[in-house]
Every structure is written in structure tokens, then in C-alpha cells.
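*Asks:* OK, TrEMBL features for this one:
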TRANSMEM  6-29  transmembrane segment
DOMAIN    41-135  domain 'G-protein coupled receptors family 1 profile'
TRANSMEM  41-59  transmembrane segment
TRANSMEM  79-99  transmembrane segment
TRANSMEM  120-140  transmembrane segment
TRANSMEM  302-325  transmembrane segment
TRANSMEM  353-371  transmembrane segment
TRANSMEM  383-407  transmembrane segment
Amino acid sequence: MEAPEILKLLGIILSFIIVIVGTAKVLKIYSTFGDPVLKKITNLVVVISAVPCVLRLIALSVSQIDGKWPFHDVSCQLYGFIDLVVFSGSTWILCIAAMERYFKFMIQVDHPSTFSVKNLNMIVVGIFVLIILVATGPLYGLGEYSYYRGHLKVSLTYYPIGANMTTDANLFPKWYSYLLRNEIDKRIIPNPTFMFRKTFEEQLQIKVVQPKQTETGFEMFFRCPSISAAEELWNNYTMGSLGEVFKSMLWYPELSQELNVENVEIQTHIDQKEFRNYVDIFLAFQGMGICSTDWTSKNVHALVWSVYQTIITTVVPFLLELILYSIISCKNPYNIAAVDKTIRADDIRALRFYRGASVMYFLLTFAYFTMDIGNLNGVYIHPTVIFLTSLVYFTSSVSILIGCLVVEFEPFTRIMNVVRDCWQVSRGKFSRECAEISIKKSTLHKMKERTFRDQKAYL
């Protein structure tokens with residue numbers, strides 16, 4: 001492995017450690033919740049958010065070592081299904097937490113009956129059943145779970161060589177294609193499309209998609225497993241050996257007698273600009289080696305299903321969270337707690353924790369999906385940016401840890417207090433008593449040694 005790959009692997013291992021340690025730390029901090037419903041929701045939020053991160057980091061590390069997805073397509077389909085279910089589950093659990101907080105602060109009367117432990121279990125099970133039903137689309141041919149991205153169009157035209165044939169070059173391909181199609185329809189010779197898939201997948205590990213016979217030959221799409229495989233394919237094409245591979249599959253001894261054809265000359269075509277875009281844009285993203293929803297799939301209604309499942313599993317829960325937390329924030333939860341004595345300090349802590357985690361979760365998801373949609377539309381993104389964005393997104397459970405830090409330690413508030421107090425000290429006076437300054441003792445000791453022009457300013 002080269003130095004960049006080693007650094008990537010070390011980053012993945014470090015992220016894995018942060019996810020495990022951070023999850024354990026957050027669980028320990030919020031284990032003091034006395035309300036069983038609040039405690040259960042918190043445990044679900046933390047644990048279910050960590051599961052997809054662990055799975056993705058393990059798969060990412062294996063793919064980085066091997067250079068591509070190292071397992072079979074069946075395992076890729078299974079992993080993609082599990083990944084979508086657990087990630088969507090973590091997103092919806094945060095939405096359920098937002099709903100629970102909304103009922104607690106805004107509809108206190110209905111909260112005990114709506115969010116009992118039994119009802120909470122039923123809601124979680126129902127959400128996962130819905131997600132599983134949505135995620136099974138590829139089983140019916142709708143969409144695809146794959147680590148492949150993009151397609152490379154390859155077309156071939158064949159010219160028959162035999163006795164008593166016309167010299168019209170334009171007529172040769174059409175004539176031969178027509179005769180070959182008739183022989184295939186009569187089942188006198190096997191369909192070459194199956195041989196295309198078998199030969200390229202076994203010999204070159206290149207996936208052949210949607211091969212079809214055209215007026216003058218064949219047309220299909222290639223999906224290469226790696227950049228090196230794509231470069232090898234291009235070299236074979238420029239040297240003319242790619243046509244020989246097709247020739248070995250398209251020539252049948254039976255045709256020499258039936259069609260009076262002695263040989264076939266095959267010309268292949270791959271657009272150079274399309275090839276460079278395929279390598280630089282799609283294979284760079286594919287280099288992550290993670291099986292997930294393939295937005296570039298050629299399957300029937302693949303894009304429609306991809307958009308549909310994204311809306312159900314990602315957009316809807318985030319939109320609900322935005323609406324619910326906006327309503328609660330407008331009403332000011334502290335004012336509500338001052339009036340309603342059933343709201344305790346733990347309820348405020350939980351609200352701030354869920355809200356902070358949801359905001360970070362949304363930002364990470366938005367960044368990754370923006371990159372994913374850009375890749376779908378052929379926008380070039382540097383491989384380093386792809387890796388870093390994907391790594392941060394795959395460790396999205398860290399947003400739970402960040403939400404916890406914001407709630408428990410209030411780092412932004414402390415930093416602002418220190419900056420404000422230092423500004424007041426630098427001006428030669430305090431805006432409040434020294435006892436209220438949240439600065440370390442060593443810094444405070446140095447400030448006390450200063451001579452101020454107005455001694456009454458801090459008395």
C-alpha cells in the first residue's frame with residue numbers, strides 16, 4: 001500500500017475508535033435519566049446511530065485495502081439493504097425523539113398516553129417495517145444496490161467477408177445484423193448477449209449492462225471494477241484487441257454454411273471524452289468501494305425509486321424535525337418549564353441534546369448527498385474531497401457526541417464569555433463582578449496583577 005492509502009486507513013481506524021468510545025461515553029452520561037421513556041429514546045438514538053457507522057467503517061476499511069468491493073454481488077446487495085435500513089432507522093429515531101419532545105413541551109396532557117414505553121416500542125417497530133418495505137425495491141427490479149457508479153458506452157459494427165457479397169460498405173453491417181438476428185430468433189445459434197456478460201465478467205471482471213442488437217451490430221454499457229481495469233480496457237481498445245474479443249464470441253462455424261460467410265471484421269467504438277469523464281468522475285467516486293443505492297443504475301425506474309426512498313427515509317424525517325424544533329424554540333422551552341412544573345431539568349437536557357444531534361446529523365447528510373447528486377450529474381470532485389466527505393458522513397454518529405458536548409459543556413457559551421471578558425479587561429474595566437468571569441485561575445491571577453485606571457469599575 002502507498003502512503004495515501006495508509007493515511008486513509010489510519011483515518012478510518014481513528015474514526016472507528018472515536019465512534020465506539022464516543023457512543024459509550026454518551027450512554028454513560030445520559031444513563032442518569034430517571035424517566036424510562038426518556039432513557040429508552042436516548043439509548044435508541046445513540047445505539048442505532050452507531051450501528052450504521054460501524055458497518056460502514058468496517059466495509060470502507062476492507063474496500064480500501066483491496067482497492068474495490070472484495071465480495072460477490074449478492075453480498076453487495078445484502079449489505080446495501082442492511083445499510084439503508086439501519087441508517088434510515090437512525091434518522092427516523094431522531095425524528096421520533098423530536099416528536100416526543102414536542103408532546104412533552106407543547107401537548108403535556110397527551111404525552112403520558114402517547115409516549116409510554118409500550119407505545120414507543122410499537123412506533124419503532126412500525127417505522128422499521130415501513131423502511132424495510134421501501135428498501136426491498138431492488139428485489140423487484142426497481143433500483144439497485146451496487147458499488148459501481150456510471151456507465152461506459154461501447155458499440156461495435158461487424159463487416160462480413162465471404163464469396164458473392166456486395167462491395168457496399170454501408171450494406172454489409174445491416175445485412176449481416178439482419179441475418180444474425182434471424183438466426184438468433186430461430187434459436188439456431190445462441191444469443192451473443194449472454195456470452196458478452198459471461199466472457200467480460202469472467203476474464204476482465206467488467207460488468208456488461210443492457211447489451212442489445214442494433215441495425216449494424218451491438219451496443220452495450222460497461223462498468224469497470226476499478227480505474228486500472230478501465231485503463232486496461234482502453235489500451236485493448238486502442239490496440240484493436242477489443243474487437244478480437246468480440247469476434248471470438250460473434251463468429252460461429254454454423255454461419256459459414258448457412259450465410260456463406262467466411263470471416264467477420266469487427267470495429268469497436270468508445271468515445272474518448274466519455275471515457276475520461278467516466279474514469280475521472282464516476283470511478284473516482286466508486287473508488288470508495290461502498291455498496292449503497294446506485295443512482296446511476298440502468299435498471300427499470302431506478303432513478304424514480306432512488307428519489308422515492310430518499311424522500312421517505314431521509315427528507316421526511318429531517319423536515320419533521322425542522323418543523324417540530326422550530327415550534328418548540330419559538331415558544332421558548334425555558335418559559336414553558338417555568339409554568340409547567342412537570343418539566344424537569346432532564347427534559348431540557350434531552351431537548352437540547354436531540355436538537356443538537358439532529359442539526360449535526362442534517363449537516364453531514366446534506367454535504368454527502370450534495371456530493372452524490374453532483375456525481376450523478378457529472379460534476380468533477382477531487383478524490384480527496386470525496387474520501388473526506390464520505391468518511392465524515394460514515395461517522396455521522398459523532399454528531400450525537402457533538403450534541404452531547406454542546407449540551408453538557410456548552411463550549412460555545414464558554415468561549416464567548418471568555419472572549420467578552422477579555423475584551424472588557426483589555427479596555428481597563430469589567431462589565432460585571434470578577435466572580436462571574438469564566439476564565440482559568442492562571443489567567444485570572446494575571447489580570448488581578450494589572451493596574452486599572454478606574455478602580456471602581458470592578459468593585
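Even glycines carry a Cβ here, placed using N, Cα and C.
A TrEMBL annotation is a machine prediction, not a hand-curated record.
On a predicted model such as this, the values are computed, not experimentally measured, just so you know.
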*Asks:* Given a Cβ distance threshold of under 8 angstroms, which distant residues of the chain, six or more beyond its ends, lie next to the transmembrane segment (120-140)?
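*Replies:* Sequence-distant neighbours of the transmembrane segment (120-140): 37, 40-41, 44, 77, 80-81, 84-85, 88-89, 92-93, 96, 100, 299, 305, 308-309, 312-313.
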*Asks:* So, do the transmembrane segment (383-407) and the transmembrane segment (6-29) meet, by the test of 3 or more Cβ pairs under 8 Å (sequence gap 6 or more)?
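*Replies:* Per Cβ check, the transmembrane segment (383-407) touches the transmembrane segment (6-29).
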*Asks:* So which of 6-29, 41-59, 79-99, 353-371 is most in touch with the transmembrane segment (302-325), counting Cβ pairs under 8 Å?
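*Replies:* The listed stretch sharing the most Cβ pairs with the transmembrane segment (302-325) is 79-99.
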*Asks:* By DSSP, what is the split of the domain 'G-protein coupled receptors family 1 profile' (41-135) into helix, strand and coil residues?
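*Replies:* Going by DSSP assignments, the domain 'G-protein coupled receptors family 1 profile' (41-135) contains 83 helix, 0 strand, 12 coil.
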